[in-house]
Amino acid sequence: DQICIGYHANNSKKQIDTIMEKNVTVTHAQDILEKKHNGKLCSLKGVKPLILKDCSVAGLVLGNPMCDDFLNAPEWSYIVEKNNPINGLCYPGDFNDYEELKHLVSSTNLFEKIRIIPRNSWTNHDASSGVSSACPHLGRSSFFRNVVWLIKKNNVYPTIKRTYNNTNVEDLLILWGIHHPNDAAEQAKLYQNLNAYVSVTSTLNQRSIPKIATRPKVNGQSGRMEFFWTILRPNDTISFESTGNFIAPEYAYKIVKKGDSAIMRSELEYGNCDTKCQTPLVAINSSMPFHNVHPLTIGECPKYVKSDKLVLATGMRNVPQKKKRGLFGAIAGFIEGGWQGMVDGWYGYHHINGQGSGYAADKKSTQKAIDGITNKVNSIIDKMNTQFEAVGREFNNLERRIENLNKNLEDGFIDVWTYNAELLVLMENERTLDLHDSNVKNLYDKVRLQLRDNAKEWGNGCFEFYHKCDNECMESVRNGTYNYPKYSEESKLKRKEIDGIKWESMGTYQILSIYSTVASSLALAIMVAGLSFWMCSNGSLQCRICI
């Protein structure tokens, strides 16, 4: 009768890497690197993105006439801006601290537009003629919706003095501007005053003077406009004073809801889908801790790494035995590979006795290993799968060195994460395979310590009993209740019987060996004597006897 200790094997082709080996085939493995995506821009946790189409953030906040679709934008999860939107500053010019403004917008989920200085309140100035063919709407000249371009009235431009107090509980985003004419004639035509200025006082003090200069035409305009913005806190006051060239605020934005928004560069349209993680190119819905789809993300995202493969071993080495061995399908132990016939556990036994043969998994050690490995995998995923965002940052032309430094830092972080992820997987895979080897060895030692000299170790993971071991006996070995004294006498007799056969065989071999040696020597002596007699008789050999 025989019992073997072994482990599960299957038809799996999954391969993992360890510190010491590459492409190790295992019975079970779990991929922790997400490579799949849906190729769409999606809502983020049920909230749609604000896709600006051909508009820029500047066109959105100033109210470019071509961006009327976004005049009252609902709450958004993130903003999508094309790489080169055509509807931004329709009247050529510049937006002061534009990158900071985009950063502010990217951390906001909802604006509410309110009127702070009504257009019809400018009774001493022309508030309707300030339009341009550069900002058309329905084929007619128009202007930005949220500001008013004030012109002289009746050849007079009285000094403007306006104050606004923020009585709201929210912060206010306020925008204004200054016009830089092409020449003095245009300055006089529009504002009458040649030495004009625009002064703004709030938490900052700013005084701007028109820069009159000849410039090339852009969008049909030789003049330029410069726009500014500020955040007005609750109960704070902003004051405007101007003698010309003033582009006054009509509307401001209450920052109703701040949050984890972002501005993404993408040419995609809305894909009518929902996701937890969005990149500029695709959406990712995954519970894996790592991904290699795109480095820029928003939402609850896996961490981006440059790896192509991150697979955690959860099972053991998959080395199925080539074929059954011996009579009645005898099978070897774990030294010679795993068992595909054992399907209800990772480790277990195969026995052969007078009642038949069969497999039995050791469910206790299997469950303990499963629990340990499952907890380890879940722990890795939980620790790595925290909310992680990596959004692009905006820099102006004077900040290219900072932008390059920032890019190098981000690339360095990605390299570190990639190295850490790959090293983590290699180390954990090594530990997992060692754990399985240790569990099989522990099972083997458990049997060996019970059987002691009641069975013979074959050295391949199997034991041959010196006594009869029925199914009840086999079960006692498996569950650790084997009664060694009960079978020791029978085993002792069996060992003596085997030893006696050995000694008897050894004695027979010695007698045969002696007989063979004597017979060979006698035959050789007779042959030598006969040869000598023949040679003496024909004179070939002379024999002398001396006394």
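First residue shown is number 1, and so on along the chain.
Glycine too: its Cβ is placed from the backbone N, Cα and C atoms.
Per Swiss-Prot, the feature disulfide bond maps to Cys42-Cys273 (among others); the stated evidence is sequence analysis. Around Cys273 (disulfide bond), the same-chain residues six or more apart in sequence whose CB sits under 8 Å from its CB are Asn38, Lys40, Cys42, Ser43, Ala283, listed in sequence order. In the three-state DSSP assignment, the secondary structure recorded for Cys273 (disulfide bond) is strand.
The Cβ neighbour count for Cys55 (disulfide bond), using a 10 Å radius over every protein chain in view, is 22. If you look up Swiss-Prot, you'll see Cys55-Cys67 (among others) marked as disulfide bond, on the strength of sequence analysis.
According to DSSP, Cys135 (disulfide bond) is assigned to a strand segment. On its own chain, Cys135 (disulfide bond) has Asn64, Pro65, Cys90, Tyr91, Ser141, Ser142, Phe143, Phe144 as residues at least 6 apart in sequence with a Cβ closer than 8 Å to its own Cβ. Residues or ranges marked as disulfide bond in Swiss-Prot: Cys90-Cys135 (among others).
Secondary structure from DSSP puts Cys301 (disulfide bond) in coil. Marked as disulfide bond by Swiss-Prot on the basis of sequence analysis: Cys277-Cys301 (among others).
For Cys473 (disulfide bond), the count of additional Cβ atoms within 10 Å of its Cβ stands at 20 [all protein chains shown]. For Cys469-Cys473 (among others), the entry in Swiss-Prot reads disulfide bond.
The S-palmitoyl cysteine annotation in Swiss-Prot covers Cys536 (among others).
Look at Swiss-Prot and you will find Cys543 (among others) tagged as S-palmitoyl cysteine.
For Cys546 (among others), the entry in Swiss-Prot reads S-palmitoyl cysteine.
Annotated topological domain 'Cytoplasmic' per Swiss-Prot: 532-547, in sequence order, evidence recorded as sequence analysis.
Taken from Swiss-Prot, the feature transmembrane segment covers 511-531.
Here the topological domain 'Cytoplasmic' (532-547) has a mean pLDDT of 57 out of 100. The shortest Cα-Cα distance between Cys277 (disulfide bond) and any of the disulfide-bonded residues Cys55, Cys67, Cys469, Cys473 is the one to Cys55. For the pair formed by Cys55 (disulfide bond) and Cys473 (disulfide bond), distance between Cα atoms is given as 82 Å, rounded to the nearest Å. Taking the C-alpha atom of Cys301 (disulfide bond) as reference, the shortest distance to any of the disulfide-bonded residues Cys67, Cys469, Cys473 belongs to Cys67. Note: the Cα of Cys469 (disulfide bond) and the Cα of Cys67 (disulfide bond) are spaced 88 Å from each other. Rounded to the nearest whole angstrom, the C-alpha distance between Cys67 (disulfide bond) and Cys473 (disulfide bond) is 85.
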